[in-house]
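Features reported for this protein in TrEMBL:
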ACT_SITE  E137  active site, proton donor
DISULFID  C34-C46  disulfide bond
DISULFID  C39-C53  disulfide bond
DISULFID  C93-C142  disulfide bond
DISULFID  C155-C164  disulfide bond
DISULFID  C242-C274  disulfide bond
DOMAIN    29-64  domain 'Chitin-binding type-1'
SIGNAL    1-29  signal peptide
Amino acid sequence: MAALVTKKNLLTLLLLGLLAGSLPSFTKAQNCGCASDQCCSQWGYCGTGDDYCGTGCQQGPCNASPPPNDVSVADIVTQEFFNGIIDQADASCAGKNFYTRAAFLEALTAFDNFGRIGSVDDSKREIAAFFGNVAHETGLFCYIEEIDGASKDYCDETNTQYPCNPNKGYYGRGPIQLSWNFNYGPAGNSIGFDGLNSPETVANDPVIAFKTGLWYWMRSVRPVVSQGFGATIRAINGALECDGGNPATVQKRVEYYTEYCNQLGVAPGDNLTC
């Protein structure tokens with residue numbers, strides 16, 4: 001089961017130059033202090049145009065977000081749907097008494113546009129994609145923390161914007177298994193916890209845990225959702241799984257996704273693998 005939670009997120013892969021995808025490549029994010037006519041992109045760069053002012057734009061003359069639709073995510077992620085995932089986890093799993101639908105819905109209040117862009121079917125596909133990836137990352141909500149994560153080094157010492165606390169570990173935690181100091185730092189700033197000095201908060205507070213998953217999704221995965229489920233896999237763990245890296249884990253994610261699409265009564269769409 002260790003493979004389920006062993007991952008490097010998109011930002012890491014881009015930093016290493018390993019990910020071949022449709023998103024702009026970069027070496028490391030700068031501090032945004034852009035000119036008044038420039039946007040601070042989701043990756044922390046100043047510029048103009050859709051790559052900077054579009055999805056994930058942090059500051060400046062950002063493009064207006066498309067208006068949300070009238071979908072109620074709570075009506076789609078019913079207790080029955082949620083239980084259908086977590087009930088498959090063994091009773092001994094730490095996540096069994098941690099992850100709850102109530103915590104997810106409370107976290108959702110900070111991310112109003114999640115699952116609410118495009119048509120009703122688009123909403124259902126995004127929700128199925130989120131839970132399909134989460135089911136894989138956590139072993140059907142079994143795991144809160146990455147297996148053997150404490151023994152691994154997830155400190156990027158070159159990132160001076162979000163310096164590591166030498167006494168803390170930035171290994172995978174929560175539904176998306178948030179990793180690395182350069183994710184814990186901005187996630188904490190956005191959500192409202194000390195990601196660098198108290199990363200364990202993600203494993204202790206289920207609402208914060210779901211907020212980190214939704215934060216990462218909206219920042220790094222949502223921009224490619226329209227490209228198909230395979231693009232979401234690439235955005236989360238592309239270098240290790242896509243392009244033949246690990247076809248078995250890709251297929252497992254696809255199985256979860258298509259199962260949840262079936263439950264929600266929506267076609268899964270094209271481009272399911274990566």
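Here the Cβ of each residue, glycine as well, is placed from N, Cα and C on the backbone.
Note that the structure is a prediction, hence the values are computed from the model and not measured.
Features as recorded by TrEMBL, highlighted on the structure.
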residue: C39; record: disulfide bond; Cβ contacts under 8 Å, 6 or more apart: C46, G47, T48, Y52, C53, C57, Q58, Q59, G60, P61, C62
residue: C93; record: disulfide bond; Cβ contacts under 8 Å, 6 or more apart: G139, F141, C142, Y143
residue: C155; record: disulfide bond; Cβ contacts under 8 Å, 6 or more apart: C164, Y170, W180, N181
residue: C242; record: disulfide bond; Cβ contacts under 8 Å, 6 or more apart: G230, I233, R234, V250, C274
- Counting every protein chain present, what is the number of Cβ atoms, excluding its own, within 10 Å of the Cβ of C34 (disulfide bond)? 20
- Task: Between E137 (active site, proton donor) and C34 (disulfide bond), find the distance joining the two CA atoms and give it rounded to the nearest Å.
- Result: 36
- Looking only at the domain 'Chitin-binding type-1' (29-64), what is the mean pLDDT? 78
- Task: Fewest other Cβ atoms within 10 Å: which of the disulfide-bonded residues C142, C274 wins that one? Let me know.
- Result: C142
